[in-house]
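S.K.: The domain 'SSD' annotation in TrEMBL covers 271-382. The transmembrane segment annotation in TrEMBL covers 41-61, 272-290, 302-321, 328-358, 378-397, 462-482, 663-681, 686-708, 714-732, 753-777, 789-812.
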Amino acid sequence: MNIEISDKEVTMNCLSCYTAVEGFIGKKFQSYGGLVASHPWKFIIGYILVMGLFSLGLLNLQKNDDLEQTFTPLNSQAIQDRSTLLGLYKDYSRSHFNSYNKLTYGLYGDVIFKSKDGENILNSTYLREIESVYRTVLNITCNNTHGSISTYDELCAMSNGTCNIEGNIVLTQEFKTAMSTGNIPYPIFQGRTINTYFGNVEYTNGILQYASSIKLRFNLRTDTPSYFDTSKLWIKEFQEVMKKLEHSSIEIAFAHTYSLEEGLNTNIAGDVLYFSITVTLMLFYAGFAISNKDCLSDRQNLARAAVLGMGLAIVGALGFVSACGVEFVAIVGVMPFLIIGIGLDDMFLLLTGLASTYDKGGPVEPKKKVMMTMRTSVAVLFGYLSYITFYLACITLNEKRVQKGLHIHTCKPLPTPGELEEKGQPYKCLCTGKAPSKRTDVQGSLEKYPPKILSKIVLMKPVQVIVIIIFAAYLGISIWGATNFKEGLDIKNLVSEDSYYFKYLSFDESFTSRGIIVTQFSVAGNVRYSDPETIRKIENLQTLAERDVDTCSNCSINWLNAYRQTSYFDDSTESAFINSLQTQFLPAFPMFTNDISFSDDNTSIKASRFYVFAYDIIESKDEGNFMLRMREVAASSNLPGVIAYSPPFIFTEQFVAILHNTLQTLGISVAAIFVITAIFLPHPLLVFLVTVTLVMILVGLIGFMYFWDLTLSSITMIHIVMSVGFSVDFSAHVCHGFMETASEDRKLGACGALIRSGGPIFNGAMSSLIGIIMLAFSKSYVFLSFFKVMILIILLGAAHSLFFLPVVLSLVGPQFKHRVEGAELMPMNRKRNGN
């Protein structure tokens, strides 16, 4: 037996389900609203006290400026590999320092010298200026951790018995002589590679002809905790000296180990000042948007209460998480701007529900009005603590004031008509008002007119055609932009253009050292190095790494190869191999001391490493791919404990995981929204439309991020994920309004949806824009990228909800044959049905 169910029956069943869910939850919220309305002052005082108590947690506020912990995946493979290697290899920064075998970025101070007007810096005049600064840096001292003075000579990293200062070869007499004769060998000078010391080079037949800049790096020792801390103090003195240094004939830029952290956090700390301006703008707009210029029914005070409630929520939240031991990181600085914007969005929804209580006919008690308003808060669900306690109590007090006929500002009784006859016109304008009897009596201009105008214009046939064409073009452009969206993060974006580090990064772009990655291949375990098979496996590992498209095939450094080429090499036995290595080879070639870790009894090799060099890897995605290929090389070896590692891999990890994590998180978010929407908006077509709209908005967001020069990074990933809520918020309101209207005529249903939700969406979008507009002036990439993402998501969300979705609903939306008991009719629907 076949049972056929018509589309209209499905629609009505869905409406019945919707009404049941709405009614059940609405009654619970009504009961709670009645409780708040019965004791408004208790809830206001209670909320303030709770937030105040939470704010005490700010006394435990801990700030984390560590970029690694903030912007890299937790416990990544690179971090684990580094931890393993730190346990295998000692810090020889005071005796056998080499820049290529560092396991961290180390401690250093950099100085870049750039010629004026692009002149050739390879002349004696510029070298004298460089030498003068060089001497100044060498004379920098600091107070050490023991209370005495430490000089650079005491703190410098050393190799071959002298301080290791990269680039100081240009100050040697041999280099000056070669320069004066125009015969500087390049890129090898006296057995040393010098190409990383010069920027914008020109050379012919192996002779350096031109360079615009020279870089010096002053490396510092880190071999003990005490010297590590003292070296950090020297860096602070270095920064102060370099800031005051001025030279008229040469441009100077400088940086140090912590310049990026300092620049990023300085930017964010300065930009927080914009928050006070944002609050002022929000107060003004919110009050203006809901003001009806009536001294009795005006609701400006509720706008102020909403901003106050959000402010208390922000302070309370920061205090609560601080008390729980959660550290404050730079990116959290966007939170206040986000919460203020979201808060006012919800305020407009609640006040729309409050305004609808005046259409119920006859006077309504304040307590009853609050209970009705809580039905609207179903869209917010449990919402925020401030709205379901503090703000509802404020609504109750406001409605009691209206009921008693008290002035909005003075809370004194309004004058009677007889008393007004004796007053002048200014007094009549400022002190009169009437009791509201319908929704429009309490709504402000920006609450009433935008939805009315939109409902008339958007649903006109010519406009509908234009809307569909525009959104089809938008989707095509967005898809193209999304397919070209790149991963990566330019470090220059993280600091302001007027910072010393930005200048340094700009100068540094001309150096070939930017694209160099030195990868260490470490072998750890029970290995007999005198065994020819072991030697063959290490050679194969090195050869495989050198065959990579980005590595240099003849630039590797391998202690074992060097050892085998000397007369000290003895592979007769493992004991002889190690004895000759320790007593003859390493004393003759101390540069390899860091590359071999012996057992405690010096009878075996615990671990060893060699290095391969990659050049011209600039793009973040290329760095990530290179890291993965090197790990594949390491994994393919039969040797025990092989690790491929480089300090940049710590930050490169994010670019390997970022795309997968972003897509995974977005997928989970969309799925969760689909499920929640299906529960609270139980109509398959409407659930489908909300989901499609969400996907279109996200595609548009990612596509237009490409056009706005944003890339996918750990920073923008957070912004994108946060935007999911904004993406679905407005469209859900429209579909909810369509279900509430429940008209048999699709066009009337779409019109009712706009009338119901158009005002809150319009004002919510405007308030959110105002909430972030000050971030447009930010110097921080974290704030500026947040501004760009949020302005895109707000505009796209509002456009889809106010134009695209109403048009689609008017064409293919569900049709309702009759109203289900408990569902509320729109005024236009009442008129149509003769009610």
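Going from the start of the chain as shown, residues are counted 1 onward.
Glycine is no exception: its Cβ is also placed from the backbone N, Cα and C atoms.
Worth saying up front: this structure is predicted, and the values here are computed from it rather than measured.
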S.K.: Using Cβ atoms and a strict cutoff of less than 8 Å, what residues sit near the transmembrane segment (462-482) while being 6 or more residues removed from its termini?
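M.R.: Residues 696, 699-700, 702-707, 800, 803-804, 807, 810-811.
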S.K.: Same chain only, please: residues at least 6 beyond the ends of the transmembrane segment (272-290) with a C-beta under 8 Å from a C-beta of the stretch. Say none if there are none.
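M.R.: Contacts of the transmembrane segment (272-290) (Cβ under 8 Å, skipping residues fewer than 6 from its ends): 299-300, 302-304, 306-307, 311, 333, 336-337, 340, 344, 347-348, 351, 443-444, 446-447, 763, 766-767, 770-775, 777-778.
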S.K.: Need one number: mean pLDDT over the domain 'SSD' (271-382).
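M.R.: Mean pLDDT for the domain 'SSD' (271-382): 69.
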S.K.: With pairs 6 or more apart in sequence, are the transmembrane segment (686-708) and the transmembrane segment (753-777) linked by at least 3 Cβ pairs under 8 Å?
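M.R.: By the criterion, they do not touch.
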S.K.: How about the transmembrane segment (714-732) with the transmembrane segment (302-321) - do they touch, taking at least 3 C-beta pairs under 8 Å (6 or more apart in sequence) as contact?
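M.R.: By the criterion, they do not touch.
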S.K.: Residues of the same chain, at least six outside the transmembrane segment (789-812), with any C-beta under 8 angstroms of its C-beta?
M.R.: 338, 341, 454-455, 458-459, 464, 467-468, 471, 685, 689, 693, 696-697, 700-701, 704-705, 708, 710, 716, 719-720, 723, 726-727, 729-731, 733-735, 738, 746-747, 749-751, 753-754, 757-758, 761-762, 765, 768-769, 772
